[in-house]
Amino acid sequence: MNNENVTTVNELFLLGFPGLGGFRFFLFILILSLCTVAVFLDVMIIILVSTRESLQSPMYLFLRNFLFSEMCSVMVIVPNMLRIIWKDGATISVTGCIAQSYLFVSSGTTECYFLTAMSYDRYLAICKPLHYNSIMGHTLQYFIVLFCWMLGFLLTLITLGFLALLKFCDRYIIDHYFCDLAPFIDIACSDTSGLQIDTFVLSVPMVAIPFLLTVVSYVCISVVILRMPSIGSRKKAFSTCSTHLLVVSIFFGAGLINYFTPVRGRSVAINKMLSVIFTVVTPLFSPIIYSLRNQDMRTVIVSYIRWQK
């Protein structure tokens, strides 16, 4: 392409959800309500886990960080999403779009790592109970937390570098409600082959390895549980990891369907709907599930409500 005859644009237009008509206000209120509830529950659980002595185990340390990274992911997407819905589309600077892509991918990767850390914690608690305290000491706990945050944001710096090199010319409309990588790359007029290779290669340490480690952990857990002599022991062991297993299934299931299934033959509307489920609905499930299905959390919440009365 002859760069001398090309005008580089510095603003992009996010199309959002065109053609909503009168449904636009309803969608705005719905998304706002879901986001508000999700953030409120995340903050409530983070505060409870941070202040209650009965919730000071490694599992809840990882949970607190997972919910915080999930909340960061929501706050990166939803406020601008609401602006786009309200205005029926809105502009965003190329720099802002790059920042949104980087922060969304980084926080999502960090969530994957914390889910894997929680799976490893459950593996140690059930498969190696006699060695749990000696292995999962304070040093290892805080090393895992630091490792998850640093790796989640450092790995994606490579992607950030490629994104910063992108140029946008005559095609400046993104048919989406946020700067997701695929539609963002599609409208670039510069060479994107390096970025496409980068995203493919980094998907291994960012998604594939955490997912496989989580699966392996639960396969080992299942084998140990099935070998337990009594039904009561099996139920007790399963109850300690069932909540986390449900969250893992929802998170990875929604992510795999949204990003790792063939997009050919899927309409833009379906792609947006799957993205809404992953970016707005899925983050609501995690705090609800931990609030309602986790016995320790239920006990603390009930005691807090009674204390308030």
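Any Cβ shown, glycine's included, is placed from N, Cα and C.
TrEMBL: automatically predicted annotations, no manual curation.
Summarising the annotation, TrEMBL assigns domain 'G-protein coupled receptors family 1 profile' to 41-290. Note on the domain 'G-protein coupled receptors family 1 profile' (41-290): its mean pLDDT in the predicted model is 88.
TrEMBL lists 25-49 (among others) with the feature transmembrane segment. Remote same-chain partners of the transmembrane segment (25-49), defined as residues 6 or more beyond its termini with a Cβ less than 8 Å from a stretch Cβ, comprise 17, 55, 60-61, 63-64, 67-68, 70-71, 74-75, 78, 81-82, 85-86, 276, 280-281, 283-284, 286-288, 290-291, 297, 300-301, 304.
The annotation transmembrane segment is assigned in TrEMBL to 61-82 (among others). Tertiary proximity for the transmembrane segment (61-82) is limited to same-chain residues at least six positions away from its ends with a CB under 8 Å from its CB atoms, namely 14, 16, 28, 31-32, 35, 38-39, 42-43, 45-46, 49-50, 90, 92, 100, 103-104, 107-108, 110-111, 114-115, 117-118, 121, 141, 144-145, 148-149, 152, 177-178, 279-280, 283, 286-287, 290.
Under the heading transmembrane segment, TrEMBL lists 102-120 (among others).
Taken from TrEMBL, the feature transmembrane segment applies to 140-166 (among others).
The annotation transmembrane segment is assigned in TrEMBL to 200-226 (among others). Outside the transmembrane segment (200-226), and at least 6 residues removed from its termini, the chain residues within Cβ reach (under 8 Å) are 105, 109, 112-113, 115-116, 119-120, 122-123, 126-127, 151, 155-156, 158-159, 234, 237-238, 241, 245, 248, 252, 255-256, 260.
With a threshold of 8 Å between CB atoms, the same-chain residues lying at least 6 positions outside the transmembrane segment (238-261) that come near it are 59, 108, 111-112, 115, 118-119, 122, 125-126, 207, 211, 214, 218, 221, 225, 274-275, 277-278, 282, 285-286, 289-290, 293-295. Look at TrEMBL and you will find 238-261 (among others) tagged as transmembrane segment.
What TrEMBL lists as transmembrane segment is 273-292 (among others). Note on the transmembrane segment (273-292): residues 31, 34-35, 37-38, 41-42, 44-45, 63, 66-67, 70-71, 73-74, 77-78, 81, 176-178, 180, 243, 246-247, 250-251, 254-255, 257-258, 298, 301 of its chain, located 6 or more positions outside it, place their CB under 8 angstroms from a CB of the stretch.
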